[in-house]
Structures are given as C-alpha cells and as structure tokens.
Amino acid sequence: MNSRKLARQIVQRVLEEGAYSNLVLSNELNTRDIEDKDKGLITEIVYGTLRRKRTLDVLIGNFVKDINLIDTTVLNILRVAIYQMYFLDKIPEYAACNEAVEEAKEVSLEASKLVNGILRNYIKDEKEIVVPGNRIDELAYKFSFQPWMIRLFIKQYGEEKTMKLMSGLNETPKVTVRVNEFKAEYDEVYEKLEEIGYNIEEGYACPEGIAIKGGKGIEDNALFKEGLITVQDESAMLVAPLLDLKKGDKVLDLCAAPGGKTTHIAELLGNTGEVLAFDLHENKLSLIEENAKRLGLNNIVCKAMDATKLNSDYISYGDKVLIDVPCSGLGIIRKKPEIKWNKTRQQLKDLVPIQREIMENAWQYLKPGGTLVYSTCTLNKEENEENLQWFLSKHKDAAVEKVYIGNNSNFIYNADGSLTILPNDSMDGFFMGKIKKIK
C-alpha cells in the first residue's frame, strides 16, 4: 500500500475511532513489509498531521465555506496532503497534490475534484492565509492547540512560559534508554551501542540515560534483549531516585503499568527488598513481569488492585510509596499528540477526586518515617501543585521534602518544594513532589 494512504488511514483511526497513535503505528509498521525509509515517512506524516491538526484545519478552512461539511475520509486526505506541503521540505507540492487527488477518486469523482480544487488554490494562495478570531485563535493556529488548553496554560504559567511549553510539546521526541546499572556499567553499554551502529549522546538530565539519535529499532538489539537497557523518557527516569531507596526497602508502586518506574526502583534496590507493583488492569501486569524477567529482577511482585480502594492488608506496610497517578497526560503530547484533541476541560476536573483518593490510601500504606513520591505526566497545576497543597493542609503528619535535581533550563522549582519539568526535545512534561511521613 502507498505510504501516504496508510498514514491517512492511521490518522483517521486515531481521530475517528479513538485509537492510540503509538500502538496503531507500531502495529502497522511491524506487521507489514515496509522499507525503513517509508516507515520514517509514515511516522513523520502520522505524528505531524495529528500534532498540527488545528493549523491544517485553518488552512483548509480558507478554501471551503464550511470544513465541517467535508466527508471525514476526504478531510483526512486533505490534512495529510497539506501537512506535507506546509511542513515537509523534502516532498514536492505537486507530488503530494497528485497522490491526494488519486486517493480521493476512491471515495468519488466529486471528492477528487474538491481535493484538487482546494490543494491547487492552496498552492496558488498559500501566502494569503487568514486566521479568523482573536489572539488566542492566532496562538491556536500557530502552535496547534485547542483554545481552552491555551487559556488554561496562560492562566497557570503566564504567556511566556506557555509559548515555551507549547513549543516543547510540538517537538519530535528522541528515544531514550535507561542503563540497568544492576547488570551493567554505563560506559560499557554506551560503547557497545556505538559499536553496533547507534548514533547516541549522553542523557540531558539523568545520569543513567542515553539518547538515541539514529539507528535501528531498540527492541531488536542484543543489549535490550539481555536486559541491559530499558526504553524510558528521561523525565520518568528522575522519579525513582527521589524515593531515597535503601537496600531491603519494601516499596509500593500503586499505579505501576507499564512498569518503567517499577523496574527502575527494583534496579536501584540492587534486586533486594520487595517492590509491590499494583495496577487496576491485570492484563497490564504481564508486561511488567516480562520486563522484570528480561532485566534479571526477581524482587518485583505484581498484583491487580484498584488504588482508589483502601486495602487493609497494606496499612503501614511500605518504607516508600510511589504514586504515579492517572492524569490528563498533557505533558506527553510529544509522544501522543492526539491528547490535544481528545481531552476536555471537564475530564481534567474529573481526575482530581480520583487522584486525591489514591493519595489518601497511599498515605495509609506508608510507615511513619517513610517517603511518598507523587508524580504525574501532566502540566495542569490542578492535578499537580494544587493536589499537593490540598494533601498537606489535611495531614499534619506530612512534611514536604524539597526536590532538587539540578539547574536545567526546563526545570521549574515550585514554592511548595515540588518540581515541574517543561517539555523540550529531550524530556516530557512532568511533575514530582516528595512528602515525608513524620514519626
């Protein structure tokens, strides 16, 4: 199948059926016989079209009376074509136009005429684009975000940081791996990756991190199979060390799947102690077990459990507790750009009570003198600082321990001692706070 057509089909499944871009893309690329260069093009078009949907729709809207009346398939053909014309230098405009017209013929002759007309007018008048609306609409066009999300960010961070934040969320993410220091030395793994042909650099913020700038897929390489490395974002790599782990600690990870932080905790414990990995979805636990086995870790016990329901078996059980709570995911838009379009303001509000229930239960599982780390991959302060402040006002036996990891330019150290990480080309947006239970 033609690469652009496959890209359009994936985009359509994500936008119309609610499929996850990373899973659909991975499945399609791994189950079809596609050359590496075409895999790269398909990936670029899928993520780019999803990332820039708002911008593309404004461009298309300049050449039709009502974009909402366009057939869904035809609209996605147009989005994919204009993405290539506007954002990709390497594809000639006429080639993108001709392919789109041919694909639209499969819908109807009428559809192909519409696509041909819109794209030719776009090529002729692309410098004459009008962005209707106010300042927020202009930002929505420029950065391709929903207006409500931009207003939320400006209210919480101010305009200057919001620009930085949205630029970061539009970056193409690098693949980063964490060295399993229980099994191997960092330098040894670094040199081996170079030897087998990877273009790499040291992590941006995490001492165990290696950024992969070029090379084959990670999961096929021997170092991955031998359990010397794990794919994980650098922001997520910074969470487990905040627990101040000591050999023999009992650690509860309440929302563990997919298990990157769980296995990191187990590695930092040197395969001692006990890491109880809980998740609501039993089917997700098998992935943690597979990774633990690959990494040579046998101190992880996986159990299905709803973190919002108190389990009396674990009262005052943990020396340390990690809660990486379910959140709106606004910090990981680099990797899942559809989050821009499938989240509502109400959904963000609905998450807060769930997060607070989990915090309350986690506190009961923690021994006096123990450490609780609260983390999210969102940038919404209602789910971050406001939850932390709510919790501290309620618990007199809770004391904040200041998080300090270094002075990277994308780190914001908040007044309450927590850390917000703004996204950039190396890291996802993230939040982490650390609370000590006073004896």
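Note that Cβ sites are derived from N, Cα and C of the backbone, with glycine treated the same way.
What TrEMBL annotates here:
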| type | residues | note |
| --- | --- | --- |
| ACT_SITE | CYS377 | active site, nucleophile |
| BINDING | CYS255, ALA256, ALA257, PRO258, GLY259, GLY260, LYS261, ASP279, ASP306, ASP324 | S-adenosyl-L-methionine binding site |
| DOMAIN | 165-438 | domain 'SAM-dependent MTase RsmB/NOP-type' |
- request: Kindly assign ALA257 (S-adenosyl-L-methionine binding site) to one of the three DSSP-derived states: helix, strand or coil.
  value: coil
Pairwise Cα distance for ALA257 (S-adenosyl-L-methionine binding site)/the residue listed as 'active site, nucleophile' [Å, integer]: 14
Query: Counting every protein chain present, what is the number of Cβ atoms, excluding its own, within 10 Å of the Cβ of CYS377 (active site, nucleophile)?
result: 25
Query: Across the listed S-adenosyl-L-methionine-binding residues, CYS255, ALA256, ALA257, PRO258, GLY259, GLY260, LYS261, ASP279, ASP306, ASP324, what is the farthest Cα to Cα distance, given in whole Å?
result: 19
Spatial separation of the residue listed as 'active site, nucleophile' from GLY259 (S-adenosyl-L-methionine binding site) - C-alpha basis, Å: 14
- prompt: Roughly where does the domain 'SAM-dependent MTase RsmB/NOP-type' (165-438) sit in mean pLDDT, to the nearest integer?
  reply: 96
Message: Cβ atoms within 10 Å, counted per site: which of ALA257, LYS261 has the most, among these binding-site residues?
response: LYS261
